[in-house]
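Trainee: After the C-alpha cells below, expect a handful of questions from me.
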C-alpha cells in the first residue's frame with residue numbers, strides 16, 4: 001500500500017511516498033508557504049494514481065502551515081477516495097529516534113516562552129506515547145525534565161535547554177532529527193490505516209498550540 005505523508009507544520013515542507021517496505025519518494029525543503037505543497041508533490045514526480053492513502057501532520061505547529069497541509073490532504077483523500085489519517089507533529093519528530101529502544105522527550109517551540117512537549121517510548125521499531133501533547137512554560141518544562149532520573153533522549157528545538165539540563169542521563173539529538181519529516185508521517189499513517197484508524201475528511205481539524213494569530217499571515 002502506497003502512502004503519501006505531508007508535513008508543513010514547521011519551517012519546512014516535507015513530503016514522502018512509501019509502500020510497505022520502501023521509501024519511494026522523499027523531499028524536504030525550507031519553505032513556509034504551505035500553498036506550494038502540491039507544487040512539491042508534482043515536482044517530486046508523484047502522480048495521483050500512485051497514492052493509496054494519505055497522512056498529514058495535524059499539529060502542533062504554525063497556523064498557516066497546518067491549514068495548508070490539511071487542505072491538500074483532505075482534497076486528495078476526497079478526490080481519490082482513499083483513506084486519510086492525521087498524525088501528531090510531535091510523534092512524527094519522535095519517529096526520527098524510533099530505533100533507540102528507550103524514552104524520548106520531544107520539544108517544539110510554541111513561542112511566548114512556551115514549548116510543545118510529549119514523552120514517547122520506543123521499542124522494536126514502534127513508538128508508544130507516554131503523555132498527551134502538552135504546552136508547557138520553559139521553566140516548568142526544565143523542572144519536569146530535571147526530575148527524570150533514567151536515560152532520556154531529547155529531540156526537537158533544544159537550543160535553550162542544553163545549558164539547563166546537564167545530567168549525564170540527558171542525550172541531545174542532532175538538529176537533523178528535529179523535523180517532522182513526511183516519510184515519518186507516512187510510516188505512522190500506514191500503521192494507523194492498517195489498524196483501521198482512519199479519519200473523516202470533513203471532521204479532521206488541526207491542533208494548534210495557541211489560538212490562531214492573524215499576524216502569521218504577514219510576510
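Going from the start of the chain as shown, residues are counted 1 onward.
Cβ coordinates are placed from backbone N, Cα and C, and glycine is handled just like the others.
All annotation found in TrEMBL is predicted automatically rather than curated by experts.
Features from TrEMBL:
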| type | residues | note |
| --- | --- | --- |
| DOMAIN | 33-172 | domain 'Gcp-like' |
Trainee: Across the domain 'Gcp-like' (33-172), what does the pLDDT come to on average, as a whole number?
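Mentor: Mean pLDDT for the domain 'Gcp-like' (33-172): 93.
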Trainee: Based on DSSP, tally up the residues of the domain 'Gcp-like' (33-172) by helix, strand and coil.
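Mentor: Per DSSP, the residues of the domain 'Gcp-like' (33-172) fall into 52 helix, 47 strand, 41 coil.
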